[in-house]
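*Asks:* Just dropping this structure here.
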């Protein structure tokens, strides 16, 4: 059993001790990083949230305290009182390396078993072990630093929004299921058997209702939930910086959020984000980069070759153009030295994005090398090379198909080439861009209907509203995404605030008037009572912290994350609950039939 504090007070953090404290009597508390005996002296590296301080136990302390110090193992939690003295052998690699604590008193507050993971930076341990013993993983200095950054970030956000007239307000966690997009997490109601709440995928409708309520400017740092397949940058529960503004247009929302981002990056990293942030339409982003979240830290734009090859002798190209598709290419500088096997691998890569193949042209010192060169005249080949802006030593890669396939395949190939050839030269760069004028709707050929590209509450562009009845796929949205280094950092839109227009939007999406009112009647009803024009935006806080902390895995920035299957190794959730609990909720579990042969 550990010793009690008995009124002992810590008066300095381990990592804060400096030369200015020399001669002072202090008490520090923390965890033992290392314990070693050198020449009759006992040295303990003591760690807390702020850093590590060397503690020395001299042989004049007496046998009892020395034996006690020798018995201490890594991760014991201890308290030491003594005097800060100048360190004989300075350690320039530690902020506290000029001083040490000459121990006078020692308390062992609690002991520790041998930890299953090392408490050190750059830990190389299985993710399952790290997540199972997350409380130990979080003791590591690099993990502690991430959550200091997270705290500084949320404080900077709150400070800025408070200074700009925003009210921090909470919205319900138990709400109504309005399935449109990702699956909801459902919560059964005991009071209403057979009925369910849903955990919110976002506070979207409630923040719009707060604008109808007259609060003018709202924000919230809020938990959201989506029951979807997970990737490296997704979790089933995640945090959004959610905000909404009344009496604004698109430029107003974008300008305020640019200033918010500028403030946060300056406060947290000391980095100056250049504003105004450049803008690019959705159409341009897709045409040039094959993505609505382009990484602009390197060039290599997609080039349209359709006009150049539409009458050539290569049937693959001419058929693609004749059938309404396109022929487009990328130019990899210095890529002519790539071997055939590597080029073939790129061909297999684009096939995973439904491309039928990858044509290529190498511009070697001795001339053009390409399996498709025989289908072109010298003049036609030169025209392709000229249009691509290629030179000797380069490699041209071409895809021909319907536009959606060509752009997707080349967009992904562009990123693959960037990874393979390290095309991003400045890894510390923060390259922001706004993507605007998104398509309002996306057509699903399998279901034979339109879906909202963002959500059903997005305002169409004024000049496109007339197409909702005749050509819905042509309608652009007053929507905007903020992209950073090829990742969507946040997104928002101006919202519909008119009952009739909102009903029309639901109609285009395939809702009957009855089903629209059943799901969203509370919003449509609110729009009858003088709603203001309003719009907003939501940032993914977890993703923002990933950028600020320099990590590529969202699990690193969440205290207790789930794995890729939404399972918690620490608590072993989800778990089976008692039959009595299920009975009280009116729920009966049904085993899935084993379909395996």
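Every residue gets a Cβ built from N, Cα and C, even glycine.
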*Asks:* Starting from the ATP binding annotation in Swiss-Prot that includes 226, 227, 228, 235, 540, 541, 542, 543, which of 170, 287, 488, 588 is the extra site residue?
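*Replies:* Answer per Swiss-Prot: 488.
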*Asks:* Checking feature assignment: region 'Aspartate' per Swiss-Prot, candidates 204-207, 208-211, 212-215. Which range matches?
*Replies:* 204-207
*Asks:* Hey, which bits of the same chain come close to the region 'Aspartate' (204-207), Cβ under 8 Å, at least six residues off its ends?
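*Replies:* Those are 171-172, 175, 178, 218, 220, 242-244, 455, 457, 520, 522-523, 536, in sequence order.
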*Asks:* What does DSSP call residue 495 (L-aspartate binding site) in the simple three-state scheme?
*Replies:* strand
*Asks:* In the region 'Aspartate' (204-207), how many residues does DSSP assign to helix, to strand and to coil?
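*Replies:* Taking each residue of the region 'Aspartate' (204-207) in turn, the totals are 4 helix, 0 strand, 0 coil.
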*Asks:* When DSSP is mapped onto helix/strand/coil, what comes out for residue 543 (ATP binding site)?
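*Replies:* In the DSSP reduction, residue 543 (ATP binding site) maps to helix.
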*Asks:* Rounded to the nearest angstrom, how far is the Cα of residue 543 (ATP binding site) from the Cα of residue 226 (L-aspartate binding site)?
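*Replies:* Approximately 16 Å lies between the Cα of residue 226 (L-aspartate binding site) and that of residue 543 (ATP binding site).
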